[in-house]
Each structure stands twice: as structure tokens, then as C-alpha cells.
Amino acid sequence: MPLSQTRAAAGIHNAGVPARDRPRRKLNQTQVEALVGVAFISPWLIGFAVFWVWPLGYSFWLSFTDYNLVQPPRFVGLANYSKMLFDDDSFWTALWVTCKLVAIYVPLTVLLALGVALLLNVSGKGTNLFRAAFFLPSVTPVIAASMLWLWIFSPRYGLLNHQLRELGLPTLDWIGSPDTALASVMIVMLWLTIGGPRMLIFLAGLKDIPKELYEAASLDGAGRFKSFLHVTLPLMTPVIFLNVVVAIIYSFQTFVVAYSMTGGGPVHATNLYVLHLYGYAFQFFKMGYASALSWVLFVIILAFTALQFRLARRWVRFGHE
């Protein structure tokens with residue numbers, strides 16, 4: 001009998017057999033392991049979908065609506081984005097202030113964290129104590145740190161102005177002046193982040209550099225500075241790149257320090273982008289416009305990150321080759 005007729009006959013024969021009596025196809029070991037894996041991660045997948053995917057999708061839809069928490073969302077198309085780009089001067093002010101903060105804060109935090117890591121990349125008594133002391137600010141609650149620095153920056157009773165008076169130097173209104181308010185916020189941000197994860201990442205990168213390379217450089221007559229310039233720095237470029245990207249994302253999202261210390265003032269000198277977004281969302285209750293602001297911020301951060309990855313091809317050296 002031809003093969004096609006045999007298959008047809010088998011199909012007719014099986015069609016007459018009840019479903020419960022038919023032989024069931026067994027799963028192989030790979031499929032069983034895959035199902036078990038999905039079962040184990042299903043709680044996380046459900047949580048991810050409920051608390052991340054759905055809010056993101058809902059926020060994106062809200063960005064095209066006029067929604068004030070009282071009335072149902074009303075679709076307005078691109079009106080929120082048009083208002084943001086062409087009618088809202090405060091949007092451009094907040095974006096400019098944030099870009100200034102990013103341009104100053106990111107290089108400072110990366111350089112200072114690298115410097116601290118170089119100082120602590122030694123072995124000896126007390127080294128762990130100093131590492132813990134530098135790391136301590138990063139685990140301090142941001143609100144508590146902000147209150148501490150508000151006292152330090154106080155124009156009348158603050159520690160900083162007291163020291164300036166002792167030295168015969170003029171005092172400053174650190175928080176109340178538009179000229180120094182943003183710098184004061186950046187000082188607190190640096191204090192909170194220099195000795196934290198960035199320093200630890202740099203320290204781990206320094207520990208990963210083979211000592212044989214330094215020994216070879218020393219045999220070639222290179223001193224400490226030349227060893228740093230030609231051995232340490234090239235091999236640390238992947239770690240520097242990582243810290244730069246993280247610092248850019250962090251600085252664009254800065255909120256708590258500025259909100260608790262200045263509230264965006266004086267005269268919008270510290271009105272960062274996220275503060276501007278927060279005001280529309282939870283003071284004016286314009287959730288649709290606030291959602292549009294959040295998605296524009298996402299695009300800005302994504303663009304800066306993509307630019308860093310593109311530029312990384314020119315200066316980042318991956319591996320020890």
C-alpha cells in the first residue's frame with residue numbers, strides 16, 4: 001500500500017478512537033524543564049506585567065489625553081506635546097537647568113569617585129575603616145542628608161558661613177541666592193554619591209588589573225603617573241564608561257535633594273526637570289501633561305545613553321588586550 005494511503009487509513013482509524021483512549025504525546029526533558037522554569041518565574045512575570053508594563057502603557061496613553069483625576073481622560077492627540085515644545089517656557093527653563101547640572105555633576109562625580117578609589121586601592125591597617133567612612137554617606141537617607149546640609153548652608157547659623165567668618169571672608173546665602181543654589185544642590189549630590197557604588201565599581205576595576213602589567217611598566221622605566229596614564233586609565237575605560245552612563249541617568253532623574261532643599265527655587269534656579277514634572281502631576285493634577293513630560297524625559301535619557309554607547313567605540317577598551 002502506498003505511504004499516502006497508509007497515513008490516510010491511520011487517520012481514519014484514529015478518528016474513530018475516543019480522545020481519552022488515544023496515546024498522548026509525552027513532553028521531552030527540555031520541554032519539561034522549560035515549563036518548570038516558566039512556572040518558577042511566573043510570579044515575577046505577573047508582577048512585572050502588573051507593576052511595570054501596564055503602568056508604562058497606561059502612562060503612554062495618558063500622554064495623549066487631558067486628565068485631572070476628577071473627570072475621565074479626554075483624548076487630545078498631540079496637544080500636550082505641542083504645548084510643551086511651543087507654549088511652555090517653564091519646560092525649557094527646567095530642561096536648561098537640568099542640562100547644566102548634568103554637564104557639571106557627571107564629570108565631577110566620575111573624577112572624584114575615581115580619585116577616592118585610587119586612594120583606597122591600598123592594603124594596610126585601617127583601610128577598611130576609611131572605605132566604610134567614604135561609603136557611609138551613600139547609605140544615609142537622602143532627606144536626612146538634605147536637612148543636615150540645610151543647616152551647614154544656613155546663612156546665619158550654618159557651619160560653612162561660620163568658617164568663612166572666622167577666616168575673614170564674605171559669607172554667602174547658599175540656598176537663597178540664584179547664583180549659588182544649584183551649586184549647593186550639586187555639592188550635596190556629590191557628597192551622597194562619590195563614595196558609594198561608583199567608588200566601589202572603580203575599586204573593583206582597579207583590583208581587576210593584573211599586577212604584572214605594572215611590573216612590566218616599572219621595568220620599562222615608567223613612574224606612577226605614566227603607569228596610571230598608560231596602564232590604569234586604558235584598562236579602566238569600561239568601568240569609567242559604565243559610571244558615566246549611570247551618572248547621566250541619575251542626574252537627569254534628580255528630585256529628592258532639590259525638592260527637600262530648595263523646592264525648585266529661588267527664581268527657578270533649581271527647578272529641575274523632574275521637579276517640573278512633579279508640579280504638574282501632584283500640584284496642578286494635570287496627569288496627561290505630566291505623562292507627556294515623563295515620556296519626553298525617557299526619550300532624552302535614551303538619546304544620551306545611545307550617544308554614549310556610540311562614542312564608546314572610540315575610547316573604551318574592553319578586555320586586557
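Every residue gets a Cβ built from N, Cα and C, even glycine.
Bear in mind that TrEMBL entries carry predicted annotations, made automatically and left uncurated.
Summarising the annotation, TrEMBL assigns domain 'ABC transmembrane type-1' to 95-308.
Taken from TrEMBL, the feature region 'Disordered' applies to 1-20.
If you look up TrEMBL, you'll see 32-54 (among others) marked as transmembrane segment.
Here the transmembrane segment (94-120) has long-range neighbours at 127, 130-131, 134, 182, 185-186, 189-190, 193-195, 198-200, 202-203, 205-206, 228, 236, 240, 243-244, 247-248, 251-252, 254, 268-273, 275-276, 300, meaning same-chain residues at least 6 beyond its ends whose C-beta is under 8 angstroms from one of its own. Summarising the annotation, TrEMBL assigns transmembrane segment to 94-120 (among others).
Under the heading transmembrane segment, TrEMBL lists 132-152 (among others). If one looks beyond the transmembrane segment (132-152) by at least 6 residues along the same chain, the residues whose Cβ comes under 8 Å of a Cβ in the stretch are 116, 120, 158-160, 175, 184, 187-188, 191-197, 199-200, 256-257, 260-261.
Here the transmembrane segment (181-206) has Cβ contacts under 8 Å with residues 97, 100-101, 104-105, 108-110, 112-114, 116-118, 120-121, 131, 133-140, 142, 145-146, 149, 153, 174-175, 232, 235-236, 238-239, 242-243, 246-247, 250-251, 254, 257-258, 261-262, 265-266, 269-270 of the same chain, all six or more residues outside its ends. As annotated by TrEMBL, transmembrane segment applies to 181-206 (among others).
Within its own chain, the transmembrane segment (227-252) has Cβ neighbours under 8 Å at 98, 101-102, 105-106, 109-110, 113-114, 118, 189, 193, 197-198, 201-202, 204-206, 209, 213-214, 217-218, 273-274, 297, 300-301, 304-305, 308-309, 312, 315-318, 320, counting only residues six or more beyond its boundaries. Per TrEMBL, the feature transmembrane segment maps to 227-252 (among others).
Look at TrEMBL and you will find 287-307 (among others) tagged as transmembrane segment. Counting same-chain residues at least six beyond the ends of the transmembrane segment (287-307), those with a Cβ under 8 angstroms from any Cβ of the stretch are 59-60, 62-69, 73, 76, 80-81, 83-84, 91, 95, 245, 248-249, 252-253, 273-274, 276-278, 280-281.
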